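Feature annotation from TrEMBL assigns carbamoyl phosphate binding site to Arg48, Thr49, Arg98, His126, Gln129, Gly249, Pro250. Annotation comment: TrEMBL describes Lys76, Arg159, Arg209 as L-aspartate binding site. Sequence annotations record features per position, and here TrEMBL assigns domain 'Aspartate/ornithine carbamoyltransferase carbamoyl-P binding' to 2-138. The feature domain 'Aspartate/ornithine carbamoyltransferase Asp/Orn-binding' is assigned by TrEMBL to 145-286.
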Amino acid sequence: MKHFISASQLSVEEIQELLQTAEQHRQHDVHIAKKVFAANLFFEPSTRTLMSFIIAQRKLGIEVLDFNPQSSSVQKGESLYDTAKTFESLGADLLIIRHSSDHWVDEFNSSISVPIINAGAGTLDHPTQCMIDLDTIYQEFGSFKGLNVVIVGDIRHSRVAHSDAVALQKLGANVYLSAAPGFEDPTLDLPYISIDEAVEMCDVVMLLRIQHERHNEYTDPMLNYHQCYGLTTERERRMKKDAIIMHPGPVNRNVEIASSLVECERSRIFKQMANGVHVRSAIMVTLLKEWGIIDENSIV
Ligand code: CP
């Protein structure tokens, strides 16, 4: 694994190893007995991803370099690439990057000599969220093969949908999509089903918010979106006995999901967030080891 930049580049074996490492980090705190610097370069807002990286970094003993594009030389016109090169030359050992461009990772592949983790690329890829979702499903079902998973919502503009669909298919799950007109994505060759079909046949109902910030033109909030396309309390009652509800967050209550379901018994939404810390810890340690920045002796 050169950089951790795309769910599509992860092999089944790499996913399985990361899930095992995440489980170890969940069971026991891991500490790196060596000075390692990480820079979190977030050019888009984030609560879960940024904070879970920071908590994981502090638990591991990694020195976190503060960066805020609003108070950095980005304001003087410095590009993402030059910002990353600057952190590399200053001595950062690991870069965590989120940016609104779908393709920012392309210019980094061979030109940066420290590991990079993609913490979100436009509408295209969110591989660490994907690993969290896989971890949460694996904890629940112990396997992916034959599991019916539906991803519901603004598929076209969701980087989580793109990453999760590709990884879940690779692992043998039956992946379905469900979307309001205009939110379908023609690049994903997967069957579409209605939310009413989805709740009755799926083991995992994964909801997404409407990504208004990624729509090219203003879209009116859809009238009756919740009733027509969302997970209502009536639809939840028709879900399979052991089926679970997931959502990468942030949630728009009473739009894609009824507010009372966000914390219901079937919901794994806050569990996904908790899993974020261990999964991101596992990804960072795996990458630092593969790059030879740390070794087994550095871990206590
Ligand atoms: N799921 C997710 O990426 O959330 P944040 O945007 O808050 O990081």
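Just so it is clear, glycine is given a Cβ too, placed from its N, Cα and C backbone atoms.
Cα distances from Arg159 (L-aspartate binding site) to the binding-site residues Thr49, Arg98, His126, Gln129, Pro250 are smallest for His126. Ranking the binding-site residues Arg48, Lys76, His126, Arg159, Arg209 by other CB atoms within 10 A of the CB puts Lys76 at the bottom. Within 10 Å of Arg209 (L-aspartate binding site), as judged by C-alpha distances, the binding-site residues found are Gly249; the full candidate list was Arg48, Thr49, Arg98, His126, Gln129, Gly249.
Within the same chain, the residues at least 6 positions away from Gly249 (carbamoyl phosphate binding site) whose Cβ sits under 8 Å from its Cβ are Thr47, Arg48, Ile269, Gln272, Met273, listed in sequence order. In this structure, Gly249 are the binding-site residues from Lys76, Arg98, Arg159, Arg209, Gly249 whose C-beta falls under 6 Å of some atom of ligand 1. Using the Cβ center of Arg48, Thr49, Arg98, His126, Gln129, Gly249, Pro250 for carbamoyl phosphate, the list of other same-chain residues with Cβ within 8 Å runs, in sequence order, Ser46, Thr47, Ala119, Gly120, Val160, Pro248. Neighbour count (other Cβ atoms within 10 Å of the Cβ, all protein chains): 25 for Thr49 (carbamoyl phosphate binding site). When pLDDT is averaged over the domain 'Aspartate/ornithine carbamoyltransferase carbamoyl-P binding' (2-138), the result is 96. The DSSP secondary structure for Pro250 (carbamoyl phosphate binding site) is coil.
Cα separation, Arg98 (carbamoyl phosphate binding site) to Lys76 (L-aspartate binding site), rounded: 19 Å.
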